[in-house]
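**Q** The structure's right below; bear with me while I get my questions together.
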Amino acid sequence: MKVNLDRNSSGFCIGVQGTIHVAEEKLRAEIGLYSLGDVVHNEVEVKRLESLGLVTIDDQAFRELRDAPVLIRAHGEPPSTYETARANNLEVTDTTCPVVAKLQRTARQLHLLGYQVIIYGKPVHPEVIGINGHAANSAVIIKHADLSDPAETAPLDLSRKTALISQTTMDVPGFYQLKENLETLFRNAGNPQEGPWTEVRDIDITLGLTGMQPTAPHVYKDTICRQVSSRNSKLHDFALSNDCIIFVAGKKSSNGQVLYNICRDANPRSYFIEDTGDLDEGWLKEANGSPVGSVGICGATSTPMWLLEKVARHIESLER
């Protein structure tokens with residue numbers, strides 16, 4: 001049985017790499033450090049960092065904390081978090097992913113331009129909560145690109161000028177499907193002659209804020225991280241090239257669920273685990289009991305490479 005470890009499209013994305021590196025540097029310096037929420041959506045990695053001294057706290061504990069160092073993770077935070085930190089004299093180490101920080105700025109500027117902001121994303125995801133905060137908590141959040149949930153579309157004002165953006169880890173096809181469905185929804189509610197929504201650039205937003213250029217009534221900006229989305233096709237091909245796939249990710253990982261489904265669609269013999277203890281040796285065998293020819297080990301943007309290597313070594317040891 002050949003064990004293939006995917007090093008090209010698995011493991012931490014750049015944003016998470018930065019957060020983990022900063023956390024480790026702080027902890028190595030023996031500086032006490034609190035993390036507002038799980039530093040990454042991978043329980044195994046969180047436990048490793050907690051063993052080094054990281055303390056994970058929730059929103060309530062954060063509001064009660066005083067005079068202490070706090071890490072802002074890659075997902076980012078709403079403005080209210082920073083206001084609380086200043087009021088409580090907290091030393092903030094901000095590791096918000098640069099892609100997310102840019103998206104937060106876009107959401108804030110679109111809101112200032114008077115747009116009704118729509119976020120394609122998951123309402124309870126910390127990144128979306130942060131983005132919405134930068135739009136004064138007024139954004140309409142839509143998870144289902146087919147507009148199948150009436151509760152998601154109920155807050156929409158179809159007479160307002162509107163801007164569509166996205167959580168950075170959502171799927172690209174879904175974003176453009178949502179755009180088309182929103183175009184139809186708004187067209188049917190108002191002007192039947194209205195054309196496609198306008199793609200808005202950073203320069204367009206800047207010119208709009210300065211009053212140098214009028215803004216289109218309905219705009220969209222594809223804010224999905226291409227480093228994340230480019231993994232989709234690569235993992236699809238990786239899953240096809242192996243007899244069996246062991247996908248390693250945390251159960252809380254939104255990106256992990258998306259990538260696992262891609263693997264499973266390409267190869268039905270794809271299995272989701274958090275750590276080696278979840279592995280069923282029967283997955284690695286053919287119907288006649290012989291080992292599969294190859295097993296691929298891959299994971300999410302929140303899965304550390306050391307954990308993928310651990311799983312690969314464990315599987316290799318089963319043949320000895």
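Glycine residues also receive a Cβ, built from the backbone N, Cα and C atoms like all the rest.
These came from Swiss-Prot, pasted as-is:
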BINDING   C13, C97, C225  [4Fe-4S] cluster binding site
BINDING   H41, H75, H125, S253, S254, N255, S302  dimethylallyl diphosphate binding site
BINDING   H41, H75, H125, S253, S254, N255, S302  isopentenyl diphosphate binding site
BINDING   H41, H75, H125, T168, S253, S254, N255, S302  (2E)-4-hydroxy-3-methylbut-2-enyl diphosphate binding site
ACT_SITE  E127  active site, proton donor
**Q** Using the recorded isopentenyl diphosphate site (H41, H75, H125, S253, S254, N255, S302) as reference, state which further residues of the same chain have their Cβ within 8 Å of the centre of those residues' Cβ atoms, listed in sequence order.
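**A** These residues sit around the isopentenyl diphosphate site: V40, E127, T169, G250, K252, G256, A300, T301.
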**Q** Would you mind reading off the Cα separation of H125 (dimethylallyl diphosphate binding site) from C13 ([4Fe-4S] cluster binding site), to the nearest angstrom?
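**A** Cα-Cα distance, H125 (dimethylallyl diphosphate binding site) to C13 ([4Fe-4S] cluster binding site): 17 Å.
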**Q** What does DSSP assign C13 ([4Fe-4S] cluster binding site), in three states?
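**A** Reduced to three states, the DSSP call for C13 ([4Fe-4S] cluster binding site) is coil.
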**Q** Just checking: which of H41, E127, C225, S253, S254 have a Cα that is within 10 Å of the Cα of T168 ((2E)-4-hydroxy-3-methylbut-2-enyl diphosphate binding site), counting only these recorded positions?
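**A** Taking H41, E127, C225, S253, S254 one by one, the ones whose Cα falls within 10 Å of T168 ((2E)-4-hydroxy-3-methylbut-2-enyl diphosphate binding site) are E127, C225.
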**Q** Which of these recorded positions is closest to H41 (dimethylallyl diphosphate binding site) if you go by CA atoms: C97, E127, C225?
**A** E127
**Q** If you compare CA-to-CA distances from S254 (dimethylallyl diphosphate binding site) to each of the recorded positions C97, E127, C225, which comes out shortest?
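**A** In terms of Cα distance, S254 (dimethylallyl diphosphate binding site) lies closest to E127.
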**Q** Within 8 Å of the centroid of the Cβ atoms of C13, C97, C225, which other residues of that chain place their own Cβ, given that this set defines the recorded [4Fe-4S] cluster site?
**A** I14, G15, V16, A74, V99, V100, T168, T169, Q227, V228, T301
**Q** Starting from the Cβ of E127 (active site, proton donor), draw a 10 Å sphere and report how many other Cβ atoms land inside it.
**A** 25
**Q** Given the recorded positions C13, C97, E127, which one's Cα is the least distant from that of S302 (dimethylallyl diphosphate binding site)?
**A** C13
**Q** If you count Cβ atoms within 10 Å of the Cβ of C97 ([4Fe-4S] cluster binding site), leaving out that atom itself, what do you get?
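**A** For C97 ([4Fe-4S] cluster binding site), the 10 Å Cβ neighbour count is 22.
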**Q** Can you tell me how far the Cα of N255 (dimethylallyl diphosphate binding site) sits from the Cα of C225 ([4Fe-4S] cluster binding site), in Å?
**A** 12
**Q** How many other Cβ atoms are found within 10 Å of the Cβ atom of S302 (dimethylallyl diphosphate binding site), counting all protein chains shown?
**A** 27
**Q** According to DSSP, collapsed to three classes, what secondary structure does N255 (dimethylallyl diphosphate binding site) have?
**A** helix
**Q** For each of the binding-site residues (C13, C225), count the other CB atoms lying within 10 A of its CB, then report the residue with the highest count.
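**A** Result of the Cβ crowding comparison: C225.
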